[in-house]
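In what follows, a structure is listed as structure tokens, so that the remarks can point back to it.
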Amino acid sequence: MTAVTPITTGRRPPAGGSRGRRVRRGRRGQVGWVFVGPFMAVFALVFLAPIIYSLYLSFFRDQLVGGTSFVGLDNFQRAFEDEQFWAAVGRVALFLVVQVPVMLGLALLVALALDSGRIYGKSFFRIAVFLPYAVPAVVATLMWGFIYGTRFGLVGNFNDAFGVSLPDPLSPSLVLASIGNIVTWEFIGYNMLIFYSALRVVPKSLYEAAEIDGAGQWRIITAVKIPAIRGALVIATIFSVIGSFQLFNEPSILQKLAPNAITTYFTPNFYTYTLSFSGRQQNYAATVSLVMGVVTMIIAYAVQLRGMRKEA
Amino acid sequence: MRTMTRRAMRGVGLLCAAALSLTACGSSDGDAGSSDKTVSGGDLRAALKEGGSITVWAWEPTLKQVVSDFEKEYPKVKVKLVNAGTGNDQYTALQNAVQAGSGVPDVAQVEYYAVGQFALGKSLEDLSRYGAGEFKADYSPGPWNAVAVDDAVYALPMDSGPMALFYNKKVLDKHQIAVPTTWDEYLEAARALHAADPKAYIANDTGDAGFTTSMIWQAGGTPFKNRDTDVTVDLTADKGVLAYTKVWQKLIDEKLLAPVTNWSDEWYKGLADGTIATLATGAWMPANFVSGVESASGDWRAAALPQWEKGGEVSSENGGSALAVMKDGKSKDLAYAFNEYANHSDGVQARLKGGAFPATTADLSSPSFLDTTFPYFGGQKANEIFARSASQVPEDWSYLPFQVYANSIFNDSVGKAYVSDTTLADGLKEWQKASVAYGNDQGFNVNK
């Protein structure tokens, strides 16, 4: 992918004969490279080089005593036996299984409601639901962190005002759910927009035909609308799968508020961050991120296969 | 398919980019430019006369004055003071620069607990060749032992944090609670206060590695020992650990500690409104009280740290930092000259005026320092308490050579004791396990 040889000569190829055709085909291939070249160069530099460099790093180990040494696949073996890493993977998997369906379900509901044309102030709701997506994740998390506070936050105020004691959203048992709530709040609008725009391009005639056939609104939704936007559903699911596996901002900011509920290996991403930034184990961190990348790819691909098979 | 793969790849790529930005493209194994020859005062004066420029990485605010004084005194020397972050952030940047072999500052601020990690990584210049070894008697024992290993001196102590008990007099007086002089009395006071006012707590604590190790230190513990690369970690049977967990477990079990993290907004609020009644910490705290808890001015006082044994006179250190000369720095002579100026000569006075707490014994015993009154503490001469504390710190303490990392994972294990049924002792045991594993992984012989 790096061997890009642009054509500089304008020489005419010899005409006729099978040999000439082969040459021309070769030339055409090379012309293609010229157009693809700039992209490939950037792609190689920005996407492939870091991966290759990480792979390179993952074969070494850097110690405070002893310096850097080649360790072969030791880091990978360690990653596969690392309880903290797999606990983190399990945590984001649980998050994925619970949070993503809830978020996408709500987003779909909102999109269908907007598309039905039966609510007043449609544009207001559309923008209101979308607005959280425009709030930077860091700000959103800080804001929710204040809301969750049981002493001076909204939860605390609520407890004081009504004399109740709500469970602490930042306790170890609830913190994952609290993060799920933040992420749901942030991304409903984004997913809603994907679904809504997919719904807008469904031909209205389909609905009319369904109505003539005697289908109610519910039947139209399940038999016409949802099948029609399956592609959008699959895409949104894949984005969400990847987003879940890359969970980082929310736990990293909430950790300041709940240091004992969020460990330094709370999510795989957070774990690699701690490993490299405070544990100076860049090599092992690179290994963990590679393994995590592969896991993410496998799951996303499985979702893709499943989504597309139904479509066929 | 294509989109998906690329997306996923981008995820990997981002991570890798993070890893990439961290790691260097080359390591600095060789002792580039470092020599073991001794440098005399005359050599230093010549270097200062000749001039040059140095870069200093520090977050200590009082150094600003020192830099301008220094430049006035030696007009040919330019000092660039850079705040590269506080604590861990700065260490990360420093570690990166050292590994990359470029952009290394000449002088860097390093907290006492982190000196070992950098000295071991061969990042710090041994200052004994400048004659810094002779300064031993000039500094308090706690700070000096943190920077001096065997015959080598890896940094010059800049400030220190002999511990004291800060207490909200208004709150304790209101509930007629005496200032505790032992930790057992402290526990009693905690019970009495919380019973009298369910919203008030004797202290806040959500698990803080620096505080816990300081407490163990005061209780006569030596959980960490190291000789070259042989390290011992004992957080299970150490006498200091046992004394600490015995009292602290009760404070946790009876919910007598406010679940508020240090330096958070809630913490400042708690210190201001009396819901956090005491704070055992280093003598550098007053400046933070003045700036962060302004509204409670006059409520607070300082007292000697409560004792583990009745009638004892033992204290501890919490925090404090030193200035080190980086091995990969370009002008080491100038760097040392600045370091000595800031921490062993005229610079010390300028910093004291700025509110810093000294590590130099001469200042700790000087009448003008001891007689300073603190309007914030109702006119109390708090330095007398701090100075006494500084002289009562046990000398045989040492941190782990990888304390920076160990502290960063403290709450993963010990933190559980604050939010679940796990006991403090079990949490410390788990912390020990994780620290031992990390140490061995980094090439030390830990508990072997």
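Backbone N, Cα and C atoms are what each Cβ position is placed from, and that goes for glycine too.
Pulled from TrEMBL:
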- A:89-303: domain 'ABC transmembrane type-1' (DOMAIN)
- A:1-23: region 'Disordered' (REGION)
- A:31-56: transmembrane segment (TRANSMEM)
- A:92-112: transmembrane segment (TRANSMEM)
- A:124-147: transmembrane segment (TRANSMEM)
- A:174-196: transmembrane segment (TRANSMEM)
- A:228-248: transmembrane segment (TRANSMEM)
- A:284-303: transmembrane segment (TRANSMEM)
Exercise. For the transmembrane segment (A:228-248), which partner among A:31-56, A:92-112, A:124-147 gives the most CB pairs under 8 Å?
Worked result: A:92-112
For this session: Determine which residues of the chain contact the transmembrane segment (A:92-112) at the Cβ level, with the cut-off under 8 Å and only residues 6 or more beyond its ends counted.
Result: 125, 129, 176, 179-180, 183-184, 187-196, 199, 221, 225-226, 233, 236-237, 240-241, 244-245, 247, 267-268, 299
Exercise. If you count Cβ pairs under 8 Å, which stretch among A:31-56, A:124-147, A:284-303 touches the transmembrane segment (A:174-196) the most?
Worked result: A:124-147
Exercise. Which bits of the chain, at least 6 residues beyond where the transmembrane segment (A:284-303) starts or stops, bring a Cβ under 8 A of a Cβ in it?
Worked result: 51, 54-55, 57-58, 61, 75-76, 78-80, 82, 85, 89, 96, 234, 237-238, 241-242, 245-246, 268-269, 271-273, 275-276
